[in-house]
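These features come from TrEMBL:
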type     : residues  : note
DOMAIN   : B:17-435  : domain 'DUF112'
TRANSMEM : B:16-46   : transmembrane segment
TRANSMEM : B:106-132 : transmembrane segment
TRANSMEM : B:144-161 : transmembrane segment
TRANSMEM : B:197-214 : transmembrane segment
TRANSMEM : B:254-275 : transmembrane segment
TRANSMEM : B:324-346 : transmembrane segment
TRANSMEM : B:352-374 : transmembrane segment
TRANSMEM : B:386-404 : transmembrane segment
TRANSMEM : B:410-440 : transmembrane segment
TRANSMEM : B:461-483 : transmembrane segment
Amino acid sequence: MSRLPSRYPGERLFSFLLVIFSIFLLWRSYLISGFSELSSPGAVPIGASAMMVLASCIAFTQSLKTPLNQEARFFYHCFPPVVGFVMALVLVYAVVLEQLGFIATSIIFLWVALKVLSQRSALWSLGLALLSLVLIYVVFRLIFQIVLPEGIIPERAILAAISRFFGGE
Amino acid sequence: MEALNYFALSWLSPELLALTALGTFLGIYVGAIPGLSVTMAVSILISFTFSWDVNHALCLMVGIFMGGVYGGSRTAILLNIPGAPSAIATALDGYPLAKKGLAGEAIGLSTVMSVIGGFVGIFVLAIAAPTISEFAITFQPRDYLLLAVLGLTLVGSLSSGSLAKGLFAGALGVLVGTVGLDPLTAEERFTFGIIELWDGINVIAAMIGLFGVSEALHQLHHLDKAIIKQKISRIIPPWADVRRFLPLSIQSSFIGVIIGALPGTGGDIAALMAYDQAKRSTKKPEVPFGQGAKEGLIAPEAANNAAVGGAYIPMLTLGIPGDAVTAVFIGALFIHGLNPGPLLLIEQPHMFWFTVGNLTLANIFVLIFGLTGIRIFSKLVECPKGVLIPLILLLSVVGAYAINNSVVDVWWMLAFGVLGYFMRLYNYPIGPVILGVILSKLMDENWRRAILSERGDMGQFFANLFSSPLSSVLFAAIVFALFTQTPLWTRWLKPKLFTKA
């Protein structure tokens, strides 16, 4: 879908933003050590950002010449609401991850994402979310020993209680 | 004898054997499921395995790499959706074969040919790498710089339609790699006074964002795509077919190794070139190409697996990754304390022979898993995207968090994910960004060494560049790679040269 010869809505703006971004980076690269020496810490950043400015200007000019794909709509073909929703969902997930902890955040994230994306019943999504979380927890937390934020659920206390129960102590 | 010991290390240790088998098995599924890629899987896995013993982590990742390159062909044949870019050429004749009811035979034949290609690649790696690495010791800093620029130019010009977009992506990667304190002078670069940025932007977080999150977001466009199922017949290919197509598969394998060994070109380009070559060299195919010619299935499959061995050559001998997958892989080697480059083979020859042995083992597992379990496989790849995407996103967040137990890496991952999403959308290639990040340090160091040895004199730099045959060849290759993207070449010279031939 991204290989059409015509231009998608928003490409010009995106290319223009990249030009501005590249110019900003070129200025920041210059601030590192100016044009003092060819071997200065700022030499490679200046070279790379100058290349970015040049390449982004060419890409922007190309986008001015390419005709717009008349059938494509920005909020349908380029940035459908579902993409925005998922981006926001991941953002919220990252924000609350440390406060609420891995288990609580992940279960809510998976439940909501599965419900919306697979369009199945709430119970089915919750079941699958629980099952996936158990699998991920066992593989990554227990086998790979990855440290994940604990948050509001006292994981270590629960795990200790379970091991005491099975250990008979 | 010692080399043989290291070669057989992963064969004899039950743990390493099991990890290689597991990696290959997972790789086949990761490669096959559209929306999951080897690059994504290796990026996410690095963050989970970096506390492991290096051999264990390598076994798992080598298996995933080898299995993943092969796995892409399965969905190309069964669903006409290449699971990986290296399987694009496979779909051209693989899917028509499946439509004729020969899906099983096509899968069987592609498996055997992939394995033959894999062996040719590994064989060339074992023979060529020690020689290249001895030669590479004589490389000047200038040559490393030129090699890195050549890699970025090639990957930038070949991975998208526009050279400007490719070069932008490569330069962005180089710049991202320079963020943090300068390793030589400790001067701050793009840190904006934030102490967290002193160590730079974590490469793995960037990789997970660019390959995991952005791909998952992109897959949201195809949520409701219906899958057309194919019937699977016999899987083991007839021996007569294997014998008949052996010369073609060997020829394609060599194309694969050479293309794979060039910095900047990987399995996808190798497969397309081998397909093109097979089309030219097969005078009378039983079935025309594009309508289910077995030659059209064999050539890309042998080539893309041979390219794996090929891609390892510059990676292990020069420390220069061939494409996005090897760039991620080289990142993994760095994380595990290995320093790929000419000294790796001299200082740690055991790592080299261990890798060769491990690749061979993974290739054998491709054969075993490739010819079995296809019925379960065809059920599993039908896993709906609505289920797959939330899981990829969750694993990406966990992976990014696990790098330093810090949410900062998750923010970077998200930022690169969103950037990668729009870059993909507007046809800016992603591969050069990560190649640039990986090559950034090498370019920065070697540029400064090269220019310091010329006492900061640009004229002297170019005079010495043209007096060295190697530097001249590399420089000419860069100029040629750039020239082939100009209108003078594409509109005027290329049609003239190639229509005469």
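Yeah, the Cβs are placed from backbone N, Cα and C, and that goes for glycine too.
Curation plays no part in TrEMBL annotations; they are all automatic predictions.
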Does the structure show the transmembrane segment (B:254-275) and the transmembrane segment (B:16-46) touching, where I'm treating 3 or more Cβ pairs under 8 angstroms (sequence separation 6 or more) as a contact? no
With pairs closer than 6 in sequence left out, are the transmembrane segment (B:197-214) and the transmembrane segment (B:352-374) joined by 3 or more CB pairs under 8 Å? no
For the transmembrane segment (B:386-404), which recorded stretch in the set B:16-46, B:106-132, B:197-214, B:461-483 gives the largest number of Cβ pairs separated by under 8 Å? B:197-214
Which residues of the chain, 6 or more past the ends of the transmembrane segment (B:461-483), have a CB below 8 A from one of its CBs? 139-140, 142-143, 146-147, 149-150, 153-154, 157, 163, 450-451, 454, 489
Long-range CB partners for the transmembrane segment (B:197-214) (under 8 A, at least six residues beyond its ends), listed in sequence order, are 37, 39-40, 43-44, 46-47, 176-181, 188, 190-191, 324, 328, 331, 335, 392-393, 395-396, 399-400, 403-404, 409-410, 412-421, 423-424, 430, 433-434, 437-438
Average model confidence [pLDDT] within the domain 'DUF112' (B:17-435): 86
